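Asker: The structure's right below; bear with me while I get my questions together.
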Amino acid sequence: MKILLANPRGFCAGVDRAISIVERALEMYQPPIYVRHEVVHNRFVVEGLKQRGAIFVEELSEVPDDNIVIFSAHGVSQAVRNEAKERQLTVFDATCPLVTKVHMEVARASRRSVEVVLIGHAGHPEVEGTMGQYASEDGGMYLVEKPEDVEKLQVKDPSNLHYVSQTTLSVDETADVIDQLRKVFPEIQGPRKDDICYATQNRQDAVREMAESVDVMIVVGSKNSSNSNRLRELSEKLGTPGFLTDCPEDVQPVWFEGKTKVGVTAGASAPEDLVNQIISRIQALIGGDVEELSGREENMFFEVPRELQVKNI
């Protein structure tokens, strides 16, 4: 049995930054530290931070007065920011800078009353935060997920239209939606550079390159992780069965029956410790040597807020 390890995999710069913000806040200000929504979508990471004193909530109303709250990497709406300001909560913003870039695009369009189409998954916190940047009553903002949604879309002014996308989508599927938008609305404008984040692109490329060489793909990531789900879906689209897991005990022997090569990758919110635990579980079940593949080098780094840089930990 051969176990091939994708590269790049796991943590991206935005996730690294978000986790560091929570860790530094816990160290410098002491527990409890409140975090609005899971700071990143990984059960392993969230449980570790809970044990250190982080309290995860879904609404600001759950945060007591005079406390610290951290916004998750997925971003929040302007309404949430305004509520925190009105309550004079101390806020540390762990929103990924690449998500903030999309927020700025939407806010800029809103100020000019340009209608905006967001490509994304309904209910995802990043989508909720991005939709919440639009305030113009003269324009409008619309959510689409697939090309068929575009055909049903009714806008006020097709000549004054802009699109943005969630940062963790399938590269191929997003391209299909953009193609349909351009077909239905020939004058639509978009970002100069794709909104899909570099880490999402790189991890999908790594799966694309590896899928034909393996018989089954194990994606390390949580079920609520958008980018991890896209990796599993991409593998299956390419003809290689894929399984998503964030717990070694969930890995089943039946996944590997009749297989000789196993591919392992990890979503952008999955830590390397968890990847190693999953690999150990696979080896305990079926044996096998691990070969780490070469891949695109990532050197992106995002600073934590200045207030959290005062003290090294």
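In case you wondered, yes, glycine gets a Cβ from its N, Cα and C as well.
Residues or ranges marked as active site, proton donor in Swiss-Prot: E126. Residues or ranges marked as [4Fe-4S] cluster binding site in Swiss-Prot: C12, C96, C197. Swiss-Prot lists H41, H74, H124, S225, S226, N227, S269 with the feature isopentenyl diphosphate binding site. Sequence annotations record features per position, and here Swiss-Prot assigns (2E)-4-hydroxy-3-methylbut-2-enyl diphosphate binding site to H41, H74, H124, T167, S225, S226, N227, S269. Look at Swiss-Prot and you will find H41, H74, H124, S225, S226, N227, S269 tagged as dimethylallyl diphosphate binding site, backed by sequence analysis.
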Asker: What residues, ordered by sequence, lie under 8 A Cβ-to-Cβ from the residue listed as 'active site, proton donor' and sit at least six positions away in the same chain?
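Answerer: In sequence order, H74, G75, V99, G120, Q166, T167, T168, S226 meet the Cβ cut-off.
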Asker: Go through T167, S225, S226, N227, S269, our binding-site residues, and report the one whose Cβ sees the most other Cβ atoms within 10 Å.
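Answerer: The residue with the most neighbouring Cβ atoms within 10 Å is S269.
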Asker: For [4Fe-4S] cluster, what surrounds C12, C96, C197 with a Cβ no more than 8 Å from their Cβ centroid?
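Answerer: Not counting the recorded site residues, we get A13, G14, V15, A73, P97, L98, V99, T167, T168, Y198, A199, T200, A268.
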Asker: Using C-alpha positions only, work out which of the binding-site residues C12, C96, C197 is nearest to S269 (isopentenyl diphosphate binding site).
Answerer: C12
Asker: Enumerate the residues of the same chain, H41, H74, H124, S225, S226, N227, S269 excluded, that satisfy the criterion Cβ within 8 A of the mean position of the Cβ atoms of the recorded dimethylallyl diphosphate site; list them in sequence order.
Answerer: V40, E126, T168, N224, S228, G267, A268
Asker: Ranked by the number of other Cβ atoms within 10 Å of their own Cβ, which of the binding-site residues C12, C197 ranks first?
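Answerer: In terms of Cβ crowding, the pick is C12.
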Asker: Count, for each of the binding-site residues H41, H74, H124, the other C-beta atoms lying within 10 angstroms of its own C-beta, and report the residue with the smallest count.
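Answerer: Counting other Cβ atoms within 10 Å of each of the binding-site residues H41, H74, H124 gives the minimum at H124.
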